[in-house]
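Below: the structure, in structure tokens.
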Amino acid sequence: MGRVAIVSSMVILAAVISSITSYQVKPANYAKLIEKQKKFDEAFEKEFYVEHTKYVETGEQSERLQEMFEHIRQEPDMFRMEMDNHPLPYLTAECTACRALVTTYLTYRRVLGWDRDRIALQAASTCETLNILTPPNCLKIVNKNIDILLYIIDNRPSLTAQTICGIIFQSGTCVLEDPAFLNWSINVQPGGRPITASKTSPNRGASDLKIIHITDVHYDPHYRTGYNAVCGEPCCCREGQGIPANPADGAGEWGDYRDCDSPWKAVEDAVRAAARQHPDAAYVYYTGDIIDHGVWETTVAGNIVSMTRTYQLFRDVFGSKPVYNVLGNHENNPTNVFAPSYITQSEFSAKWLYDFSADQWSTWLPTASQQTIRQGGFYTVLVRPGFRIIGMNNNDAYTFNWWILYDPAYLQAQLQWVHDTLLQAEAAGEKVHILAHIPIGAGTSYRTWARQYRRILDRFWDVITAHFHGHTHADEFNVFYSLANPQHAISAGFNGGGTVPFSNYNPNYVVYYVNPQTYDVTDFESWYFSLTEANQNPNRNPIWMQLYSFSRDFQLSNVSPASLDGLVRRFASNPAELRRYWEFKVKRGDPFIAAGCDGDCLLNHLCQIVTNEANDDTKCNALAAIFRNLDDELFNEEK
């Protein structure tokens, strides 16, 4: 999807994207292609400004401007994909679009002195031209974000298009070069056990604790069965989008594969099914995103209603069982933007969300956690002697959080707190689970932040026993490697997938088995239902089934970082096993299975497992060298 314009793409496209992440393996001649693309982008950027200015003056788009808009216009399916999953040609065009449009709008604001309303109307026009949303909804999404963006632009006069696009893309010709965004760091205390090998852990045992992981329910209060699921907007099946002439285009009873969120009955069914099927679970993790994808019309009041209803469901269903929550990027309004705590203007501040979360989570958390939740939406809790949870709000490091552009170093505070909390846990002999909505190290995690987190992980690799994520809606895992010793696997991240079908997935949740002495994850299993089958039988509840038991299905003795690293290397030499993992990752969603996954696709998913930081292709390249030698027929590209 084109991340276009200072307001139009930065606001609109980033706001409406979904979250399947993969990884785009770069061709051997990538460096030469980038050099060529840089020259193209520089020329395109200058010409676009000239042509767009003529259009603004005359009201008529020249034939050349129409061609240029066509160049940066993307396929509709790009609007629901996380940027990591866009094919390289799309990413290239998106970077071109970002550079051209941001430069143009910065000039309108800083040189020509355009006021707020003029920029808003023109940005909405760009949104309409690129067919991102309907005209009324284009204006809505622009108006939700423009005041924040103009505040940042006006107060950071040195901010350039190169830096803005470098933060968003972190790749291709949009490379971050500004030292202010690259060179900040946190203080890491020396010490800790040296890393001399990949980390091992116990096998699954009869006394293991069970933890239920639910994530990304994306409850849509506007979902209506039978309403248009092929609406032409980034989120469909909503009451305002009407009933389609073709009944086959209507939303299903239990959700829909086609870019739709969850009706309440599906949210409720998933939570109740998890509780019913696993009554012996000790704890529940919820890793964010309660709010729907209709980002152009979310409100603080509406978000509060949806979150209150969902948290109450957790209380009703799980009773006295602790539920540990973190915030998703959709919980705030506008979506994705989490201002520094010192930004106190009510129209910018996320204080309402932090105060609300502190009140709601007080059911499950001690009073001592209130201060940091109200400060920034993060907390720590001693669950039982020797076992601690850190709940992060790493949405602040999401590359579509505009406030990174204002003050990248404000992210230091929470990371330093994480470090200091881990230092205290180490001294107390505690083991720690880290909960975070966005997968740490994903391509949409701000690179400098990811690098600083890796420093923390290197230091506390034997204190942190596992990470738990959401956001991508994919049932996947990640292996973390030491920054100092990249041959050593030192941690693992487990993604709960999501109960929402958005987009093309079957709903699922995950159950972990955790050693009660070391608090390592020893095994995990996923439960799901077929959305196709459920919608064919709308008058009964969906049938939940086990999708996999990980150690059994991949013949592992445990799921330690060492074992998972070995499995990844098996995947590289065994495409059949890798394909099986991919089927589990997409939760056997019918559209995914029908489309298939060729060699390039499989390799992208393989590399996603081992990528801990944007642009760090070290582990990917090593695996790709093995995988590409297996069978040239797996790949579409010409050799």
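Including glycine, each Cβ sits where the backbone N, Cα and C put it.
If you go by TrEMBL, Cys231 shares a disulfide bond with Cys236, out of Cys236, Cys237. Between Cys237 and the candidates Cys235, Cys260, TrEMBL records a disulfide bond only with Cys260. For Cys95, the cysteine that TrEMBL lists as its disulphide partner among Cys127, Cys138, Cys174 is Cys174.
Cys95 (disulfide bond) sits 25 Å from His473 (Zn(2+) 1 binding site), taking the Cα positions as reference. Listed in sequence order, Asp261, Ser262, Asp289, Ile290, Ile291, Asp292, His293, His330, Gly498, Val500, Phe502 are the same-chain residues six or more apart from His218 (Zn(2+) 1 binding site) with CB atoms under 8 A from its CB.
Put simply, of the recorded positions Cys174, Asn329, His473, the one whose Cα is nearest the Cα of Cys260 (disulfide bond) is His473. Across the structure, Asp216 (Zn(2+) 1 binding site) and His471 (Zn(2+) 2 binding site) are spaced 7 Å apart at their Cα atoms. Fewest other C-beta atoms within 10 angstroms, among the disulfide-bonded residues Cys237, Cys597, are seen around Cys597. Of all the disulfide-bonded residues listed (Cys127, Cys138, Cys174, Cys231, Cys236), Cys231 has the fewest other CB atoms within 10 A of its CB.
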